[in-house]
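Asker: Annotation source TrEMBL lists domain 'Tetrapyrrole methylase' at 165-376. Here TrEMBL flags Asp195 as active site, proton acceptor. Residues annotated as active site, proton donor in TrEMBL: Lys217.
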Amino acid sequence: MTYLLGLRLQGRDVLVVGGGRVAQRRVPVLLDAGARVTVVSPHVTTALQGLAESGRVRWERRAYRPGDVTGLGRFWLVHAATDSAEVNAAVTAEAEAARIWSVRADERHSSSAWTPATGSASGITVGVIAGGAPRRAAGLRDAIVDGLADGTLDARRGRAPMRGVALVGGGPGDPGLITVRGRQLLAQADVVVVDRLAPTGLLDQLPGEVEVIDAAKIPYGRSMSQESINEVLVDRARQGKFVVRLKGGDSFLFGRGGEEVAACVAAGVPVTVVPGVTSALAAPASAGIPVTHRGVAQHLHIVSAHVPPGDERSTVDWAALARSGGTIVVLMGVERIGRIASALVEYGRDPRTPIAVVQDATLPTQTTLVATLETVEEAAQEAGVRHPAVLVIGEVVDTARELDILPRGQNTAEVPTAPVRGAGPE
Ligand SMILES: C[S@@+](CC[C@H](N)C(=O)[O-])C[C@H]1O[C@@H](n2cnc3c(N)ncnc32)[C@H](O)[C@@H]1O
């Protein structure tokens, strides 16, 4: 049995004998805890040398000599971490005689102290000692730290109850693409108001008592849908519940997040915003398209096409976009793909400009269709492309093909396109 302590090493001296991999792992942790570290070793790793050169550790550049444990300083803790069992034994024996705790890297039975597998998350430090089985300890430590980090472990106990509303950008759909902070808040929610394009796969993990409200199904009554959503957020928060508004991508990119924040602020409800991975960037990335590949595109335009080019409600300058030559990423455009492509061509963009349509980005059903502005309408119809999809227009689509990083396989419906800049169809 061991007696687990948390050593408060701030300003206290610690001796590390040895300068190899073990010392390299231990020293930064000791420094993080505020210890003053002396390393005794004729050679050290490059990382330790860097710490010595920057003055963060004191380095005695020589082999250990009997008497160092008591002679080099007033140490509270000693680490014996050389590759010589003999030296390590001498160091720990000297520490033992001086009643200083010592950790021997190579032989735990001769150590007076063991180092637990440690980690921290959410301001909590975890130490695990698994009866001398370091791998098991490390595995358990990882599980606990992961659980703390993503909020799934002990989210409902030991924390001050949350209040108000959190607008959480849930990412493009893959449950792994929500942020750690978003996941933590979701795990603490009393109420979750969720969009269709949010990572709904995460909802299964919520405890049964959490109220899950599908934003698309909120009855509108006399108000508009967005107003009804705002009302639900404010209403539940006023009941003292912690509300997570789980949205697709990033809440502020064509997500009406600003309106929801404003409604909370107007109602005096505390509100916090957690940024999300937007589909505007995740869709091309998950299709292997580097949207600003060096030497190909120096600018990127993210456009909503919820109203088509030419529509009087559209405020998008399609003529300027056509001239710009940069990469254009279009959201909410799949139903208007033909009109978008022809507007760009009409305003002067080369009809052979490549376009990728990434549907269900980051989900197991993701597909990528590649065409040109002049062929895309027909190709999309033929392939049955549907919402949700992101259009990526520009030479970077060709770059992805040239670099051979467009995903392939059964989920990728890549349509051969008309030749682009001399490159033939694949
Ligand atoms: C109302 S906008 C919301 C965008 C969201 N706020 C974001 O940052 O990703 C909806 C559009 O996002 C795009 N979209 C969202 N998730 C997607 C996904 N998984 N795959 C492809 N497109 C997606 C589609 O263009 C869809 O029409």
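From the backbone N, Cα and C atoms, a Cβ is placed for every residue, glycine too.
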Asker: If you count CB neighbours within 10 Å, which one among the active-site residues Asp195, Lys217 has the smallest count?
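Answerer: Among the active-site residues Asp195, Lys217, the lowest count of other Cβ atoms within 10 Å belongs to Lys217.
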Asker: Roughly how many angstrom lie between the C-alpha atoms of Lys217 (active site, proton donor) and Asp195 (active site, proton acceptor)?
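Answerer: Checking the Cα atoms of Lys217 (active site, proton donor) and Asp195 (active site, proton acceptor) gives a distance of 10 Å.
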Asker: Does DSSP give Asp195 (active site, proton acceptor) helix, strand or coil?
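Answerer: SS state of Asp195 (active site, proton acceptor) = coil.
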